[in-house]
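A.B. asks: Let me begin by handing over the structure; questions about it come next.
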Amino acid sequence: MGGFRAVIYYLLAAAVIALDQWTKWLVVRYMQLGESIPMIDNVLYITSHRNRGAAWGMLQGQFWLFYLVTVIVVAGIIIYIRRLRPSERLAGIGLGLMLGGAIGNFIDRVFRKEVVDFIHTYIGTYSFPVFNIADSALTVGVILLFIHMFFFATPEKGNE
């Protein structure tokens with residue numbers, strides 16, 4: 001699917017990137033590394049944290065691996081968006097969120113050599129790993145894509 005509908009998903013990705021980069025800029029500009037501001041005591045904090053790895057700090061310092069994987073994933077998402085049918089809006093929204101999240105963290109890796117994380121939540125006494133807007137968009141995007149695939153996807157004609 002080219003045209004107007006694809007543009008909507010790219011605009012969604014651009015909005016995610018803008019919000020992600022703006023919030024990270026605020027954290028870097030106005031908070032000390034390790035500083036934590038309670039939003040809801042024992043539940044939600046804004047905590048200035050840096051991550052040189054993948055989700056939850058895995059694969060620390062493997063920059064070239066992240067660069068390569070991100071370029072491949074972004075290209076795949078763009079190809080998938082272009083092939084969507086007009087009825088596959090949920091998949092398009094999921095892919096737009098994933099695209100924005102992937103590019104948001106990629107920008108950090110390229111320009112900062114680390115990812116700025118700042119959303120720190122607790123589930124009971126469990127301290128969930130610190131994350132950011134891009135991570136959230138990626139997670140929600142993957143969930144939406146799975147919902148689409150398992151509940152709404154229909155086989156293309158000729159592939160049944």
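Glycine is no exception: its Cβ is also placed from the backbone N, Cα and C atoms.
Taken from Swiss-Prot, the feature transmembrane segment applies to 7-27, 61-81, 91-111, 133-153. According to Swiss-Prot, the feature active site maps to D117, D135.
I'd like these features described in context: how deep, what's nearby, how far apart.
C.D. replies: Within the chain carrying the transmembrane segment (7-27), a Cβ under 8 angstroms from the stretch's Cβ atoms is held by residues 46, 48, 81, 92-93, 95-97, 99-101, 103-105, 107-108, 116, 118, 132-134, 137, all 6 or more beyond its ends.
Nonlocal intrachain contacts for the transmembrane segment (91-111), taken as residues 6+ away from its ends with a CB within less than 8 angstroms of a stretch CB, comprise 1, 5-6, 8-17, 20-21, 24, 63, 66-67, 70, 73-74, 77-78, 80-81, 84, 132-145, 147-149, 152-153.
According to DSSP, D117 (active site) sits within a strand segment.
A Cβ distance under 8 Å defines the sequence-distant neighbours of the transmembrane segment (133-153), meaning residues of its chain 6+ beyond its ends; these are 16-17, 19-20, 23-24, 55, 88, 90-91, 93-105, 108, 115, 117, 119.
D135 (active site) falls within a helix when secondary structure is assigned with DSSP.
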A.B. asks: If one measures from the C-alpha of D117 (active site) to the C-alpha of D135 (active site), what distance in angstrom results, rounded to a whole number?
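C.D. replies: Given the Cα positions, D117 (active site) is 9 Å from D135 (active site).
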A.B. asks: Check the active-site residues D117, D135 for other C-beta atoms within 10 angstroms of each C-beta and report the one with the most.
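C.D. replies: Highest number of other Cβ atoms within 10 Å: D117.
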